[in-house]
Structure formats: structure tokens, C-alpha cells
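Taking it in order: structure first as C-alpha cells, then the write-up.
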Amino acid sequence: MARFEEQKLYIGGRYVEASSGATFETINPANGEVLAKVQRASREDVERAVQSAVEGQKVWAAMTAMQRSRILRRAVDILRERNDELAALETLDTGKPLAETRSVDIVTGADVLEYYAGLVPAIEGEQIPLRETSFVYTRREPLGVVAGIGAWNYPVQIALWKSAPALAAGNAMIFKPSEVTPLTTLKLAEIYTEAGVPDGVFNVLTGSGREVGQWLTEHPLIEKISFTGGTSTGKKVMASASSSSLKEVTMELGGKSPLIIFPDADLDRAADIAVMANFFSSGQVCTNGTRVFIHRSQQARFEAKVLERVQRIRLGDPQDENTNFGPLVSFPHMESVLGYIESGKAQKARLLCGGERVTDGAFGNGAYVAPTVFTDCSDDMTIVREEIFGPVMSILVYDDEDEAIRRANDTEYGLAAGVVTQDLARAHRAIHRLEAGICWINTWGESPAEMPVGGYKQSGVGRENGLTTLAHYTRIKSVQVELGDYASVF
């Protein structure tokens, strides 16, 4: 029997029954427990959501900027009041440790919503003088109805990262969470309604990407798609969005990010960064620094320091507040990660630790994989080329700076990169040469609301967070005014 009641769709400011009558299950990856049956949206439900969003958006856009700002700030307050409740639900659905979801997932999502709530009154156009009797002014107008398609690793945070700028700019959003982790996004919809967001401005449709996601990308009344997920799926979403009605897109896609540790680096700091960049959230972070480049002269010392820190990882029940490493998000994903680990062994990478499923006692009921470190890796290995999205670190040895940067850039991805060094000139020189949209010097992983995040190459299109993102949820209307006579040539 499921722990929670059957989960409905959220359309027009309330829960509604899916017309399909079909459901799917969401599972606690820590123990295999069925958390809930979740209703599967149909094409008819997509139409209902779009019509509701069209109507709600008109009401929302007609409000003053200060009115919208106050309502979004109210939603921020509710999110923070309900932080622990939402964190507990996120932990059940994702398997993330409670200590992590309490301090990161809802907190960082609320921060982004607060940031954009403050920017609502600052959305403004320009006045451009042409001559004494004529000028141009511009208006930034909302796009209308936009759609967000989320990933399973940060469900509520991603929903907030996408909905915050969209709603701040006066749009309505239809959001499709991942089938794997749909629960907290439905709670976010409740919170928006409680805060005073008009009915229809934020709708949640649960179901598969192949169906619901496809219907959203094809719909002619949806003006923009914001997608987070794998690169192969992102290409399909982008193609569908373009071929249907030339929709705007934001794509936050895969990564295989390099972390370069230079010979002068503080190795204790470097090891701390490398372990965080690979094992936080059980390695299920798109920006993880999974290709760790270490200078040959420092390899043995660095590996020893990494192993020392891995031994301190507290793998356990996510509900235990002392746990800082939980299961993977699902059993199918666990099998995928284990497959990559076997590939690393077969291709003769040297295994330093981990490399297996954890099955001791109660862990045998969950999707646990031990923190895994491979060394003596080569650039052509599958574990080095492909995104694993799990707790697997690959250590690669290099001999000089040019080699490290050339190899770091030898990838189809360009999401993130980082360097560890005490030489300020070298740090900036290297970062300027690395082909990645998000870079860190002597740190890793923080993505504050003010910071635009997104990738180069096949890691994405557009940005999330920061000032630049808000502009991409608006369109510019240019208006010329003539105060003098009009001279016709006819």
C-alpha cells in the first residue's frame, strides 16, 4: 500500500483528475517503498492546462509589477515556513539525505524566487531619441504561456529556477516534473496558489516526457520551453519546439566537467573540492567535476588524501540526520551507474575504492552504490567520455598546463570547469581557455541566484538565474513616436 494518497494534476489553481485514468508509481529509492500512485496526464489534460494558463496569464500580466512582486515574496515566505516539511518529502522521493534537502534544495529555490521577486519592478524598456521631433521607446512584454520540463535530481529547486523568472516577467507556466520525483512540485503549485498567484498561472502535469513533454513542446500556444535533462533528450525537445512554432528554448543539459589541480595547489583543499565535486548528492549533479586532472608529481599524495576523505563519507539512511550520502534516485539509474563502473574495470582503469552496490543489511533494499574512485584513466575510456551521473570519480594524470587544458576541452560537453591553484595569474589564464559556461577557482558547485548558469557546446542553450535570464522571458516591442509632420513620398 502506498504511503500517500493518489496524486492528481494541478490545473487552474486546484487539483483535478487526469482524464486518462492511468497512473504510475513513485518509489522511495532508499527501501523500495511505493510512496504514491501518480496520475498520468493525457493530451486532453494538456489542452486544459494550456487554456487555463492562457486565461490566468492575462490576469497576472494585468497586475502591477509591485503586486506581482508582493505575491511572489509571499510565496518565498511560505516556502521557508514549510522548508522542513518539503525537505522531508524531497528526501523520500529522491533518496537525498535529509541534512542536504533541508539546507540546499528548498533554500536555494526560495532564494532564486526572492531574487526575481525583487526584480519585477525593474523590468523596463528604453527611450531612444531619434531627432527633435521623434523618438523610440521599447516595452518588455511577457511571452505568454511557457513550459518547464524538469529533471529528477533537484525537483523543487528546478521548478523554482524555471518558474521564478517566468512568473516575475508576467508569464504563466505549465511545469512537467520528472516521473521519477514528481511530489514536491505539486506542493509548490499549492504554495503559489496560497500566496495569491492567480489560478492557471502555475500548472503541474505529471506523466512521461515521451507523451506530456512532447505534447507541450508541440503546442502552438506555448511560446517557450525551458528544459533540464540529458543532451540527447534536449536535442529532441529543441527540434520539436522549433519545428512546431519556432518556440524559444532554454536547455540545461549534460556535462563531463574537468577539475584541474595544478602542481602548486594546496592538496588538502584540492582533495576536499574533488570529493565534493563528485560525491555530493551521491554524484547526481549535472555540474560534477568527474574528470579530475592531477599533475604527475602529485598523483600519489592526492590519491591518498582523496581516499582519506572518502572513508569519512557517512553512507546511510537518508532520514538519519548524520547521513551525508544516500542512495541513487532509482533502481534503473543504479543499474546504469553500475554498468559504467563495470566498463571502467573492463577498460583497465585502476579502482581505488568502491566499485560496487552496497547490499549490507537494510541497504540491500535500496539503490545504494559505494563512492567509487578510478585512477590511471585515459581520455578514451567510456567512464571519462560519457556522463554517468553517479558517484564515480575519474583521476587523470597530466604533465603540463597546455596538455591539461587541451584534454579538459576534448569533450562534446561544456557545462562546468574548475581549477585549484595558488597562482592567481595561472588561475585566470586557465579559466579563460577552458570551454565551459560555469567555472570555479579554488571552489566548486555553488550556483547563487545572482549567477547565470548554463553550458557551452552540447551542454545547453541559454542561461538560468541572474539578470540575463529574466530578459529571455520577455519580448521587446519597439514603438516609434513622431511629433512633427509626416512627409509622404506619394
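The backbone N, Cα and C atoms fix where each Cβ goes, glycine too.
The K(+) 1 binding site annotation in Swiss-Prot covers Thr26, Ile27, Asp93, Val180. The NAD(+) binding site annotation in Swiss-Prot covers Gly150, Ala151, Trp152, Lys176, Pro177, Ser178, Glu179, Gly230, Thr231, Ser232, Thr233, Gly254, Cys286, Glu387 and is backed by sequence analysis. For Lys162, Glu464, the entry in Swiss-Prot reads active site, charge relay system. If you look up Swiss-Prot, you'll see Leu246, Lys457, Gly460 marked as K(+) 2 binding site, on the strength of sequence analysis. Feature annotation from Swiss-Prot assigns site 'Seems to be a necessary countercharge to the potassium cations' to Glu248; the stated evidence is sequence analysis. Per Swiss-Prot, active site, proton acceptor is recorded for Glu252. The cysteine sulfenic acid (-SOH) feature in Swiss-Prot is assigned to Cys286; the stated evidence is sequence analysis. According to Swiss-Prot, the feature active site, nucleophile maps to Cys286.
On the backbone, the CA of Val180 (K(+) 1 binding site) and the CA of Gly460 (K(+) 2 binding site) stand 22 Å apart.
Checking the recorded positions (Gly150, Lys162, Pro177, Glu179, Thr231, Cys286) against Gly460 (K(+) 2 binding site) with a 10 Å Cα-Cα cut-off leaves Thr231. The closest partner of Pro177 (NAD(+) binding site) among the recorded positions, by CA position, is Thr26; the full candidate set was Thr26, Glu248, Glu252, Glu464.
DSSP gives Lys162 (active site, charge relay system) a helix state.
Under the DSSP three-state reduction, Thr231 (NAD(+) binding site) is assigned to helix. On a Cα basis, Glu464 (active site, charge relay system) lies 17 Å away from Trp152 (NAD(+) binding site).
The Cβ of Glu248 (site 'Seems to be a necessary countercharge to the potassium cations') lies under 8 Å from the Cβ of Leu143, Glu223, Lys224, Ile225, His472, each on the same chain and at least six residues away in sequence. Within 10 Å of Glu179 (NAD(+) binding site), counting CA to CA, the recorded positions Thr26, Lys162, Leu246, Glu252, Lys457 contribute Thr26. Ranking the recorded positions Leu246, Glu252, Lys457 by the distance of their Cα atoms from the Cα of Thr231 (NAD(+) binding site) places Glu252 first. Of all the recorded positions in the record (Ile27, Asp93, Lys162, Glu464), the one with the smallest CA separation from Cys286 (NAD(+) binding site) is Glu464. Reduced to three states, the DSSP call for Asp93 (K(+) 1 binding site) is helix. Within 10 Å of Glu252 (active site, proton acceptor), as judged by C-alpha distances, no binding-site residues are found among Thr26, Ile27, Asp93, Lys457. Gly150 (NAD(+) binding site) has its Cα within 10 Å of the Cα of these recorded positions: Lys162, taken from Thr26, Ile27, Asp93, Lys162. Per-site Cβ counts within 10 Å over the binding-site residues Ile27, Cys286 peak at Cys286.
Applying an 8 A CB threshold to same-chain residues 6+ apart, the list for Thr26 (K(+) 1 binding site) reads Gln7, Val34, Leu35, Ala36, Val38, Asp93, Glu179, Val180, Thr181, Pro182, Leu183.
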